[in-house]
Amino acid sequence: MARTTGDPAKRRRCMSRIKFWRRSRVGSEVVEKDTKRFKLSLIKAWLLRIRQEDYKYSGSFQEAIKPVLIIAQIFALMPVRKVSSKFAEDLTFTWFSVRSYYALVTILFFGVSSGYMVAFVTSVSFNFDSVETLVFYLSIFLISLSFFQLARKWPEIAQSWQLVEAKLPPLKLPKERRSLAQHINMITIVATTCSLVEHIMSMLSMGYYVNSCPRWPDRPIDSFLYLSFSSVFYFVDYTRFLGIVGKVVNVLSTFAWNFNDIFVMAVSVALAARFRQLNDYMMREARLPTTVDYWMQCRINFRNLCKLCEEVDDAISTITLLCFSNNLYFICGKILKSMQAKPSIWHALYFWFSLVYLLGRTLILSLYSSSINDESKRPLVIFRLVPREYWCDELKRFSEEVQMDNVALTGMKFFRLTRGVVISVAGTIVTYELILLQFNGEEKVPGCFEN
């Protein structure tokens, strides 16, 4: 029987299909192996990332405060160069930089705005609302000047801080190294978000007057911009450009007012963390056999931290004073205004959110600031755990220093931020509120602004 070959074209197509399916079957095994390798590589990369996260943070103050300083420079505060560096020796200040020019121009605008506010209060309208606006812009002008002055000293302060940190017992656990940075980041995010919400609600409440009694009925944007800076435009002819400039100044001033508290809180948390680092180290060794050299080294570290706290306080005491005096004034003013009827729901929401946020911010600021003093006194508790046979003259000297020193931030030496300051602030608020209520006249719903 003769062998038939069939159609050569069909035969070639059939053979190509057979080869294709054979290759695909082999390829499926290869693909499956590649998929397993890919999954294993993902797991390996994830594990490596975990190990890298452990060493991502060094635990230094410069590393923790870096995001705060970057945000500050966006809003024309703290014009220090290379704040994104993890090393304090990289920080520099120079007058001839974009940051410094930006900060100086902003300070100039704050000063001009304050001057117009003074003129408005003295010659046009002297009442509680106008004085409150004047106090706000004057305090912002002083705050911006204080931060510019601090920026000139900051590189030296950061280097001193880094030297003190280098001599402290090392932070061994990754959780300990990232704790300070995460704490300061949380403070910054929460406070900045609340400030943003407060400002948005302020603009929404201002929209009530834009709709009810606009400056120009057919130009709502211009009416809004005019209303944002109406005290200045009483003396200066309004233009769209000046309206935008006025709104920018208003936003920058609002952030500067809130950043004042954020910065003092961040510095307080960092100083308290360094004292806590030393205290935890002594607590671990307190019940164990210790030597004179051990307590001598601990006392030197404690003394270095006290000197660092004093150096920082000398640099930021003006900012601290402005911070607490501002909060005290505006809390009294807002509590007094709480008895006024509100013209719209947005006014009511904005007012109560602003009051609660201000009260909470002041309370948290007081507690964070007082934690420095609390941690500086904590060694007295640790010393009681030391066995009698290991008690020595060096430890006695250390105990006397801790007992005699009063380590805390101050408001230009007028007051010290200890835990008792919370009660003092509350008592002062109640006292001033009672005085203000005696002079409080009949309250009415604020009407449209007069030309």
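Cβ coordinates are placed from backbone N, Cα and C, and glycine is handled just like the others.
If you look up Swiss-Prot, you'll see 1-100, 152-183, 245-250, 366-420 marked as topological domain 'Cytoplasmic'. The transmembrane segment annotation in Swiss-Prot covers 101-121, 131-151, 184-204, 224-244, 251-271, 345-365, 421-441, and the record cites sequence analysis as its basis. Per Swiss-Prot, the feature topological domain 'Extracellular' maps to 122-130, 205-223, 272-344, 442-446; the stated evidence is similarity to another entry.
The stretch in 224-244, 251-271, 345-365 that contributes the largest number of Cβ pairs under 8 Å to the transmembrane segment (184-204) is 251-271. Here the transmembrane segment (131-151) does not lie next to the transmembrane segment (345-365) in space: the count of CB pairs under 8 Å, restricted to residues six or more apart, is fewer than 3. For the topological domain 'Extracellular' (205-223), the model's pLDDT averages out at 82. Across the range of the topological domain 'Extracellular' (122-130), the DSSP-based residue counts are 5 helix, 0 strand, 4 coil. Beyond the topological domain 'Cytoplasmic' (245-250), the same-chain residues lying 6 or more positions past its ends with a Cβ under 8 Å from any Cβ of the stretch are 106, 109-110, 113, 225, 228-229, 232-233. Counting same-chain residues at least six beyond the ends of the topological domain 'Extracellular' (122-130), those with a Cβ under 8 angstroms from any Cβ of the stretch are 231, 234, 333, 336, 446. Across the topological domain 'Cytoplasmic' (245-250), DSSP classifies residues as 6 helix, 0 strand, 0 coil.
Within the chain carrying the topological domain 'Cytoplasmic' (152-183), a Cβ under 8 angstroms from the stretch's Cβ atoms is held by residues 53-64, 78, 80, 87-89, 91-93, 269-270, 273-274, 277-278, 281, 300-301, 304-305, 307-308, 311-312, 315, all 6 or more beyond its ends.
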